[in-house]
Amino acid sequence: MTSQLITRLLPINSTTSPSIYETIRQYDDDSGHSDTEERAAMAVDEENLDGAYQDYELEGALAQASDTQSTHSSFQSPAAGDSHLPRHPKWTQESVNEAEHDDEVPASLLVEGDGEEDPLPPPPRPPSNRNRILDDAPAAEFCSPRLRGQWEAAEEHQTPHLAPQPSPPLNLHSNRRAGLAFANPKEKAMWRWANVENLDNFLKDVYIYFIGNGIWCIVLSRMLNILTLAFVVGFTTFLTNCVDYRKVPHSKTLNQIIVPKCTNKMSASSTFFLWLFTVFWFGKVFQYIIDFRRLRHMHDFYLYLLDVPDSDIQTISWQEVVGRLMALRDANPATAGTVSTKHRKYIGSQSKQRMDAHDIANRLMRKENYLIALFNKEILDLTLPIPFLRNRQLFSRTLEWNLNLCILDYVFNEQGQLRPLFLKATHRRALSEGLRRRFIFAGVMNIFIAPFIVAYFLMHYFFRYFNEYQKNPSKIGSRQYTPLAEWKFREFNELWHLFERRIHMSYESANMYINQFPKDKTVQLSRFVAFIAGALLSVLALASVIDPELFLGFEITHDRTVLFYIGLFGTVYAVARGVVPDDAQVFDPEHALLDVTAYTHYKPAHWQGKLHSDDVRKEFATLYQLKVVIFLEEILSMIFTPFVLWFSLPKCSDRLIDFFREFTVHVDGLGYVCSFAVFDFKKGTNLMPPEPQHHRPRGLKHGLHDLRGDYFSAKDGKMLASYYGFLDHYAPPARPSGPHASQRQNYPQQPVPGPTHRAQPGANHLHSSRIDRWDNGQHSTMRQSALRTSRFGAITGVGGHASPMASMLLDPHHQPSMSGFRSKAHPTAASRYRPSRQAHPMADTIQDVDEDQLPGINIQPSNVTTTSSGGPATDDSQIEESWRINLAEDANSGEDDEAEDVEKVAGGGGVLGLIHQFQKVTNEGRGAVGM
């Protein structure tokens, strides 16, 4: 209901063209018949789908086909024929004829005939004294003439027998449901799993149940949330309406200042909103009670099908849950056995065969991936339309909620699928105008809602943090990442709990970086204030210890006792002391920021060479704000959000519509997803190192090609960082050797840096020199090993050893291929998802060169080999910065450098070098190396 609020409230101008919402609804209804991409592209295992038909469903389908054909004309149009039982599913229409000779039963005997255009003729009417089964028998097209003749011959030699007419499929289905009431919980859970119709919503429930730590933790959390809501509103009402503050100075008990029957004396507006809140509160309670049944079903799914009890759900990893989901999929591959015609329209995007770690992440983050891309491409205009704040961006949880309501609920339908109408350029203007109206309408709604939300959050923040700040004043200076920073740092297909873990690990490094910069004037003033406040506090504390009964009641100023000043000076001392940095801290802001980016994976190109500057610190400080400042910005955003919705966001409505059309791809069995979220594992996401500038053809045409490539690629290496981050979460934890070892990084396993870590000058020097070599754009050559693909999809070498990149949580078509990491001398194939997209640059490996190495010695790339024993042979320190993409281009390299790179890829050394390598490989018993 919330997702359709703006759609239903916006007026429709009947005097002009039809509303875009009417067009969207009509196109959604007709998309199952008109979307040629859905019909052609969705390819799912035909046998699994046909295997879902049961006997009673086949009988019901035949009966319905006979009834329908007897009442309709044989000259029915093809469009009307679609209203009958579905024929071949959309993803099997092309593969039926190819696989017909392999089936035991020919396609002519199946319910779903081959004819896509011609309707079925009415069945022949048998004599009345014949078997009743023949009345419901299929037409001649449902069986071959030979089988039909055998059937009639058998009927002539046997006594007619009136068999009971099969019940309608609805009654049989109802009886099957009634039988589930007496089944055991495991059978019930299996039946629900087999009849899942919307896999996106089901997997979302599975993930919410996982991060909620089980049924009882979720129930307790919901109860405490509604009780907290009731307490904040009730206590605020009591403080504002039931206390006579004029009597406080002259009263000694609470009863003297309480207003009797205060609710009867409340204003009409306060009474109305209190009743409105009461209705909302009881509605939430009723919703939670109704939702308990769904939680119970999810509890049974985890317990009986995944074998994960509530006692283990807090300790089991999500990767283990994904593995058990894949095992359950392999054990029960069929989709829902009985689905309606309406649901079969989009069943191609609900295939349970497409359910490995990559597909599950794409389903769970179908909408979030688009938001991540929007922030990465900087398409959203979030600047404040105020003269003195035009360069400042405003983004808060309130604005995030409005973006979901205005954009995502506009682009996606009720089933969570992207509306196909947004992929048509013909409706661009109407869709853009509809989005513009949604922004304006949401701004108007925020004006009426903002006062109540501001009051609630102010009271909630006051009740929650005042006592904490009063006891520990140093926490006033604590920081956290802003909502805008979270969307900039989050990667494609990165689930929330994995992202939250990665970001939490960066807090210590971020605090160290903020405290690194010289603030000598502030530090000197803070030390002076801390000294004065500490001296006064020590004297008062010592006097109160000597004679507490006399001195604690002593008034230093009018009505201000010693106890008051002890608390005041203690607070001032704590705040001033918190500003002064630790004396043992080592000053190295560049190294500290590199430690932060190792976790956040965020390092814009304009930061290059400026990590020590104050400009970079100011930019990072806007992403890592004080908690108090974030709260104040959240409150102020409720006031300024309508202006952003009215003036800033409508300017980018055209770009938003173009974005969803140009960055959406269709994946078989998965549906429409963001193009950046589809990782091409076989080609290493097509990420290749860029060519030097002087090797590129010059001219206007190539300049336009570069602009197009930049437009269709992610900024700041987001695509490659997401790819490696995904492999780190779902690939084996052991780091492989060879080319991939220098490209991947196990982010959560990095040690948290500290003062002891920085105090090692040797490690610091090696770390800095390695980063310098990386940032200077030195390309290291990589040897492409002779690889072959096993029948299970894992990449194996010539010796038969499995690829270290293979993962049990990825299907064979998603297994990463080491052959995808090629040298820049080899051309890369275009992506099958968007042929026009330019290949992304691949991150360069970090080449560690010994300091005592002579400059004249040429080390062949064949020395950096992939160990066949499976043990890691790569320095772990190389992985520390491997997630970055080197976007800089070396403009000083010449033709000799390119020739040298090609020679290195080929193995170097000419014919003698090749003979030497062949002898070496033969002696060591390995496959071809460096060929």
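Cβ atoms are placed via backbone N, Cα and C, with glycine included.
According to Swiss-Prot, the region 'Disordered' annotation covers 62-133 (among others).
Annotated compositional bias 'Polar residues' per Swiss-Prot: 65-77 (among others), in sequence order.
As annotated by Swiss-Prot, transmembrane segment applies to 215-235 (among others), with the evidence given as sequence analysis. Tertiary proximity for the transmembrane segment (215-235) is limited to same-chain residues at least six positions away from its ends with a CB under 8 Å from its CB atoms, namely 208-209, 274, 277, 281, 284-285, 288, 292, 295-296, 298-299, 310, 314, 456, 459-460, 463.
Residues 455-456, 459 of the same chain lie 6+ residues outside the topological domain 'Lumenal' (236-271) yet bring a C-beta within less than 8 angstroms of a C-beta in it. According to Swiss-Prot, the topological domain 'Lumenal' annotation covers 236-271 (among others), on the basis of a curator's inference.
What Swiss-Prot records for 272-292 (among others) is transmembrane segment, and it gives sequence analysis as the kind of evidence.
Taken from Swiss-Prot, the feature intramembrane segment covers 439-459 (among others).
For the transmembrane segment (528-548), same-chain residues at least 6 beyond its ends with a Cβ under 8 Å from one of its own Cβ atoms are 562-563, 565-566, 569-570, 572-573, 576-577, 580. Residues annotated as transmembrane segment in Swiss-Prot: 528-548 (among others).
Sequence annotations record features per position, and here Swiss-Prot assigns topological domain 'Lumenal' to 549-560 (among others).
Here Swiss-Prot flags 561-581 (among others) as transmembrane segment, drawing on sequence analysis.
For the intramembrane segment (628-648), the list of distant contacts is 381-386, 394-399, 402, 406, 439-440, 442-444, 446-447, 450, 453-454, 457-458, 461, 476, 480, 482: same-chain residues at least six beyond its ends, Cβ to Cβ under 8 Å. Taken from Swiss-Prot, the feature intramembrane segment applies to 628-648 (among others), supported by similarity to another entry.
According to Swiss-Prot, the feature region 'Disordered' maps to 734-780 (among others).
What Swiss-Prot records for 740-749 (among others) is compositional bias 'Polar residues'.
Residues or ranges marked as region 'Disordered' in Swiss-Prot: 816-840 (among others).
The annotation region 'Disordered' is assigned in Swiss-Prot to 854-879 (among others).
If you look up Swiss-Prot, you'll see 859-871 (among others) marked as compositional bias 'Polar residues'.
Sequence-distant neighbours of the transmembrane segment (561-581) (same chain, 6+ residues past either end, Cβ-Cβ under 8 Å): 472-474, 476-477, 515, 522-523, 526-527, 529-530, 533-534, 536-537, 540-541, 543-544, 551-555. Each residue of the topological domain 'Lumenal' (236-271) gets a DSSP state, and the totals for helix, strand and coil are 20 helix, 2 strand, 14 coil.
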